[in-house]
Structures are given as structure tokens and as C-alpha cells.
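Heads up, the thing below is written out as C-alpha cells.
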Amino acid sequence: MGKKLVVIGAQWGDEGKGKIVDLLTERAGAVVRFQGGHNAGHTLVVHGKKTVLHLIPSGIMHDHVMSYIGNGVVLCLRALFEEIKALTAEGIPVKERLRISPACALILPSHIALDQARETARGKDKIGTTGRGIGPCYEDKIARRGLRLEDLRHPDDFRQKMQALMTYHNFLLENYYHQTAVDIDATIEEWLAYGKDVLPLMEDVTLALQRHQEQNVIFEGAQGAMLDIDQGTYPFVTSSNTAAGSASCGSGVGPHQLDYILAITKAYTTRVGSGPFPSEQINDIGEHLAKVGVEVGASTGRRRRCGWLDLPALRRALLNSSFDGVCLTKLDVLDELDEIKICTAYCHHEQIIDVAPLGSESLAECEPVYETFTGWKTSTFGIKNEAELPQKARDYIAKIEEYLGIPVVIISTGADRSHTIMRQSLLE
């Protein structure tokens, strides 16, 4: 039997999941996306060449791997085919390697218009959404008025359903947000044209994954645990469940089939958009982390906020997702610092707590409690052998393991796939 491994971002997203999934996929037969949409931005660097994927699983770069988009993903067909076109131009036979669940909810241009109109209307209270229609699409899915990929199998019915849904969207856009309506007829024709190309890619992902019982399968999470709609810093969250449990319901694979849950976390913390961030450094340290770590969002181009590693937030993610091990990324970004801090607890209303509280208001009231470490002041960039790490860097990693109570099994020391220390083989 193959191993079924779930890869979850343990912070506020942007932890480096794409590189790690790409690396692990060398020993896998399939990779599955199970939540989110094209608001994800997974950056891969292979042999010095950079590829950014937003919707298609990171396993698409491997010729021996099937890539699946599960039912928990919300699908923008325009974004999908832009990505397919770009990858095909690079010589990657995407249509041979990719299959998509018919149960995926469809993102329409009117979802995107609503998303952007709502964010504009919020003004200074904006959430920080990517403006790509993710939230409004999930909203329609839950309200059972949304369209699914399988609806394209019946063009006449699809036309009627889309007409009704977009009429509702346009009413909101014009009468509540005072924005321009989206052209319904043009959108219907565009989406029906996409339908002809997407039909061959449709497959029941639940059944398809049963064919991979003897192979390793990677379940690729998007965003991060602290952006979970239920367990994250609500309302400054994404619109899907990002914890490990969503790998099951978002792909149709039973939870007993999942063997190992890997947390991805940077050696420090970043966040894009609005919301509380107790260990944020709005100073020279934050500037240094942003510059050296090249902290710019792959999906939006927005600069990320930066701060020290936040263990109470990681503990919240650990409780939600039952991580078996940790992959620590961007260790090399800390190389030049004289001292390095870890937020080990919060002070909340004069009480010391070691797990991040639920919701944004309580988290905003927390003050970080730090433990300070002497920096190693030696380059770790590109190191592949743990023995070559400076002792102070190893002490830093050991302290993270001690606080979390689980092992750091992978250490990333650079963007390239080869810049990795594998302390434990996760896939045989």
C-alpha cells in the first residue's frame, strides 16, 4: 500500500508548500488539491527555473504523476485555461496529467465583481481578499444556488442556471454596491466554450484516487491553518476550511486513508492582508525579513507583513490538524541576524497563554512573550546535510521541536528543490 500524505500550511499561508509538494512528488503517483481556488500561489524553482501555480496541483511538473482537483476546490475556468496554456507552452502535457472533479463549484466573473465591490465598500475595514471571487462562490455553494462543473454537461440547463444566478449577482452589484453589471450573455458563451474543452478532464476524483492505492498520494493544501474559516482569525480568513480534515471532505477520500500530516512553517512568520499579527515587526527586522525572504505574494504581488516565529499560533494549528511532523522553510533568511526571537506565549489580560485564542478580536488583545536566541551569523543557504548547519541553528530547530512536541523532519535552506535537508524519509 502506498502512503497518503497531507501537506498543510501551518501559518497564514505562503509557507513554501509548493516547493515541498514538488519535492515529495518525486516519490508519488498523484497529487490532489482539495480546497481553495486560484487565490493560492505555489512557487516552484526547478533547475533554476521559476514556475508559479495558482490552481493546478504542484505535481503537474512530473511526468509520472497524475494531478487532481478535488470537489472542495472552487474553479475559475478562465484562470484554469490560462494556466493550462502557460504550462503547455513550456512543453508540459497538462491535459494528459490533470483530472477535475465534476463537483467543483464554478467561479463566475460576477463572483469576482462582487468580491471586489464588497472589499471596496468595506474601506478601512477591508479583509484583504485577493478579489478573485473565492468567497462569493463558496457563499453560493453553501446556499445551494451555485453552478458546478458537471452542469456544463447539459448546455441548455447550464445557460438557464447561469442566467438566473448572474441576474441575482447583477442586482446586488447595481442596486446595493452601485457598480456596473457583468455582461450575462457574453459570459454564458465564454463559459460554454470552456465547457467543450473541460469535459474531457472531468472525472470522479474519489473513484480515481482508489486506483492509486498502491502508490503514494500527496494532498496539497492551500493558504494556511490560521486562515481557516472556522478556526482562523475570523473574519480575516479565507472562505474554506484549510485544516487537515478538509483533505478528506474536499477530495472524497475517507479520513482513515490518510497516513501522515505534514505542517509547513517558515522559520519566522508572515501574513498578507489585514488581521491581527502579534509577533509582527514593523521595524528594521521586519524590513530585513521581507527583503531577504523576498516576501511578495505569488498571487497578488502584495508585500507580506513579517515577524518572529509565532508558536502559540502554530499550537492552534497543531490542535486543529494533528500534525505528525514539521517542515521548516526559509531558515537561511535568518542567517544575518545578530539575535533571533521566538514568540513562545502570549500575555492576554495579564494571563500567560500558549495557544492562540479563536477569532481576531481576542488575538488582537494579545502581547507576545519572546525567548531570544543568539544568531548564528553563518550562511545556511543551500545546505543539504544537517551536519553542516551551525550549532546555533540546530539549537533553534531543537527549541521549536521542544515547544511543539513533534519533530522537524524537513529543513528548507533555499528556494530550489535541491536546497533541502531531509531528516526523515516520509515516502518510501
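A Cβ is built for glycine as well, from the same backbone N, Cα and C atoms used for every other residue.
Per Swiss-Prot, the features are:
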{"type": "BINDING", "residues": "13-19, 41-43, Arg304, 330-332, 412-414", "note": "GTP binding site"}
{"type": "BINDING", "residues": "Asp14, Glu15, Gly16, Lys17, Asn39, Ala40, Gly41, His42, Thr130, Arg144, Gln223, Thr238, Arg302", "note": "IMP binding site"}
{"type": "BINDING", "residues": "Asp14, Gly41", "note": "Mg(2+) binding site"}
{"type": "ACT_SITE", "residues": "Asp14", "note": "active site, proton acceptor"}
{"type": "ACT_SITE", "residues": "His42", "note": "active site, proton donor"}
{"type": "BINDING", "residues": "Ala298, Ser299, Thr300, Gly301, Arg302, Arg303, Arg304", "note": "substrate binding site"}
For the binding-site residues Gly13, Gly16, Gly41, work out the Cβ neighbour count at 10 Å and name the residue with the minimum. Gly16
Counting across all protein chains shown, how many other Cβ atoms sit within 10 Å of the Cβ of Thr43 (GTP binding site)? 18
Identify, among the binding-site residues Arg304, Leu331, the residue whose Cβ has the fewest other Cβ atoms within 10 Å in this structure. Arg304
Write down the Cα-Cα distance for Gly16 (GTP binding site) and Arg302 (IMP binding site), rounded and given in Å. 16
The binding-site residues listed are Asp14, Gly41, Arg304; by CA-CA distance, the one closest to Thr413 (GTP binding site) is Asp14
State the three-class DSSP label for Arg303 (substrate binding site), counting H, G and I as helix, E and B as strand, and everything else as coil. strand
Applying a 10 Å Cβ distance cut-off over all chains shown, what neighbour count does Gln223 (IMP binding site) have? 29
For Thr43 (GTP binding site), what is the secondary structure state per DSSP, taken as helix, strand or coil? strand
Looking only at Lys19, Arg302, Arg303, which of these binding-site residues has the biggest number of Cβ atoms within 10 Å around its Cβ? Lys19
Would you mind sorting out which of Asp14, Lys19, Asn39, Thr43 (the binding-site residues) have a C-alpha within 10 A of the one on Arg304 (substrate binding site)? Asp14
Among Gly16, Lys19, Thr43, Gly301, Arg303, which are recorded as binding-site residues, the nearest neighbour of Thr130 (IMP binding site) by Cα: Gly301
Restricting the comparison to the binding-site residues Gly16, Lys19, Gly301, Arg303, Leu331, which residue's C-alpha is spatially nearest the C-alpha of Asn39 (IMP binding site)? Gly301
So among the binding-site residues Asn39, Thr130, Thr413, who's got the most Cβ atoms within 10 Å? Asn39
Rounded to a whole number, how many Å is the Cα of Leu331 (GTP binding site) away from the Cα of Asp14 (IMP binding site)? 14
